[in-house]
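Listed in TrEMBL for this protein:
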type	residues	note
REGION	40-61	region 'Disordered'
DOMAIN	247-692	domain 'Myotubularin phosphatase'
BINDING	N402, I403, C488, S489, D490, G491, W492, D493, R494	substrate binding site
ACT_SITE	C488	active site, phosphocysteine intermediate
REGION	545-579	region 'Disordered'
COMPBIAS	549-579	compositional bias 'Polar residues'
COILED	703-730	coiled coil
Amino acid sequence: EKHKLVGKSESLVLLSPLIPTTNRRGLTFINHHHYHQMATPRNRRTTSLRDSDTTPLPDSSNNIINIIEPTATWDALDWTNIHQPVSRPVVPHGLSDFLYEAEEVIAEGYGVLVNTDEAGTLYVTNFRLLFLSEGSRDIIALGTIPLATIERFNKIVIKQQSGPRQSDKTPTRRLLQVIGKDMRIIIFAFRPRSKQRRAIFEALLRYARPTRLWDLYAFSSGPSRFSNTSPRVRLVNEYLRLLGVESHHSSLSTIEDGSFTLSNNWWRISDVNATYEMCPTYPFSLLLPKSIRDEDVLQACKFRARCRLPVISWCDGRTGAVLARSSQPLVGLMMNMRSNADENLVGALCTELTGGKRGRRKLYIADARPRKNALANGAMGGGSESSSNYFQSEIVFFGIDNIHAMRESLVRLRDYLDTHGTKSSDGMSSFLRHGGWTWGGGNLSSMSASVSTLGDSGWLIHIQNVLAGSAWIAARVAIESASVLVHCSDGWDRTSQLVALASLLLDPYYRTIKGFQALVEKDWLAFGHPFSDRAGMASLTGSGLELPRQSSSTNFPSSPMRQTPGSFPSQSPMSNQTQNSNHYSPIFLQWVDCVSQLLRMYPFAFEFSSAYLVDFLDCTLSYRFGNFFEKERQQYGVFDSCGCLWMYLDDIRASGGSSHVHYNLFYDPSKYVGPLLPPAAALAPTLWPQFHLRWSCPSEAQAREVEAQCRNLVEKISELQRAKDVAESKARETIATMEAIKAEIRNEKQISSSALNLATKANRENDIIKRAIQSLGCKISVSGNDECTINIESNLVNLPEKITSSRSTRGIPDAYDEKMDMSISVALTSDDDDVSENPILRVCENLCPQRTRDGGCKWPDSSCAQLESQLVGLRANYDAFDQLSIYDSYF
């Protein structure tokens, strides 16, 4: 609990006695049991830091500070982990690995991130506030925030009560509260009298909103490898796509010589604003009706606020229907001012109907404002059109609130999330806050009260209004083939939201990553949405070099739901700088939120994922790149000096390939080839978990984790598919190899079969020759060196008797009566001189005893018929035969 201070005149009155107690960490607190019974209302709830009333008290230096009494929340802080400051180099050891290109350390201090009760070192660089954990030595994402993303920061003092007699020596705890535009509230605690909080605070004062444009990190880092290409070229190429002349491509040369002014049957590209003299907040090239001359355009622009005359943002090449945009007409308080040039220009949007229909199409003039606001603007010269002054037109009011209502709604939503999140910025769980009464404690009415708080923020209602207006516009164009002119007051906030969202619904090209870039560059950047003002960044002065520093005469409470009226954060010249500026508003954030709602409703229609939108929005809020300095980019060549957001996102996507988290797993362009026309009943927005809940409820923002698991499964399936393809390819190669081997085997088998047949035939012939030679009384022997020797043996003893008697009668010597062996050597050799195809004939001619005189063979009449073949490869030694005495009767 806290003790309450009631100021009367200049005196302070203490309502009840304070009983000091000491906790387990040695910090002195107050026992308020007796005081709580006497002075606290019965329905009063227990409080924590974020619920505490912050009563300004004068200190010794006459400065106003916040003194907040401690609660059990701060008992969790481990102050022993906070060290005294030490001298360190510009880039401390080990920190350079975490720094971006050209990022420099400005200041550092040791403290505790109260949200997570984690001690570490806090660094202020020229780009971000960086918290490095003392334990893990890793960057803590919650405690690290780009300087441009910081909406405001405050000093807070925690007063710890001591004994009644030591009231003058009451110790304090120094806190720094940082509130971000990305839905987070973080608090850092510092050791008293260490001057570390002062160093961090002064560095934030200087670098969170620099006095010069060129001091922004976007210019310090330079273009690097994410250099930008000319957005003017991309804008003209988008116009060419809408006109249906994609065959023509724009370039810097065509823009410089003015040869990009092409046209089709209905529309033309005009360079009437090439020098930005007609309208500084419009692009250099405009898409206009072909029947309207540039002279008429110059005349018509005078009737619209800020000279933002009606021009075409999107057109249907099939039907001729268009989606146009402008600012409010200057009809005056009595709504009686008219302009013929403006009426002719708007009437030219109603072209002839196509498809056999007669007449001209209808024109809807969609005023994004509530009717009463439009009428109130008439007092300042503005107002809205009269349908009687514009041909075949109908005026519709969408009732979308202005930028101030959106800003307040986001503040309430952020505070709701911090209060009812898993762990709030004060380190207390929402389940334990106020004794658990927030979640009912059995009282359902209390739970419904917390739910109604979300509704009271109004954020989802605003999202629904923008979605409904955009869906209505898309339906008029797609179903009725009507033309729609959209405007608000200046034509660059609600108009950009409605036109860009309706174009996203109508054109599938804008639902791709490349088309989404073209849509943002056309309807947000080129048409002059004041990003610097809406993001709370100071605008350029006339010199283009100085950024004015805004005053901070008043401060707004960081948490309206848990601070009493009249309580303010302490000594923070920057604590509400952005809030003091009436131009700060989360208009672009709201539009990206609407895109995420459509992505949730149509998960198959978008090429990009919710993670892509989160990273894109973070880059937008951080101003790390120069894409969103549109006015400055045109006047001072910012895109030549800064890096490009689109190149950066393309680069990180390329690193992950088609499985990168920026790609939508379920994207199927064949499902939605036409417009998306959501019915009114489907336009029920919810909190965007990946963005709204990532800091206050990180474990509940599981959409990214579920998507990551699905992505892992898809990657595994892809890997398996690739492995299957590789295996099938290898199988096909193996089958082809096997077929080739089979063919070779079949060929070899045929060759082997032929060789075997030849060998069999040769063996058979050899056997025949052997028997033939043996029949001649020769003995065949084969030596080890494969040489064949034929021994011819004569054994007269075995000769028939008639032969012997014949020998005797013929006077054969007696010596021949004895056994006589004569060996004749016949070698198998190749006769190279004989080229006859049949060598057996040579043997028959030279050796066969039965051949005729003319060389003929007596086979098969002679006994050689039993050999069944002819003799092969024999060469006889006839000298040996001459030594034999052979009678004719022997043969």
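Using the three backbone atoms N, Cα and C, a Cβ is placed for every residue, glycine included.
Recorded features from TrEMBL, shown on the structure.
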residue : record                 : Cβ contacts under 8 Å, 6 or more apart
N402    : substrate binding site : R369, N373, S489, D493, R494
C488    : substrate binding site : S327, Q328, D367, A368, R369, I400, R494, T495
D490    : substrate binding site : A305, R306, R308, S327, Q328
W492    : substrate binding site : T281, R308, S327, F527, G528, H529, P530
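Just so you know, the Cβ of R494 (substrate binding site) picks up 29 other Cβ atoms within 10 Å once every protein chain is counted. Close to the recorded substrate site, the chain also has A368, T495: residues not among N402, I403, C488, S489, D490, G491, W492, D493, R494 whose Cβ is within 8 Å of the site's Cβ mean position. Once the Cα atoms of N402, I403, C488, S489, D490, G491, W492, D493, R494, the listed binders of substrate, are compared pairwise, the greatest separation found is 12 Å. On the 0 to 100 pLDDT scale, the domain 'Myotubularin phosphatase' (247-692) averages 84 in this prediction.
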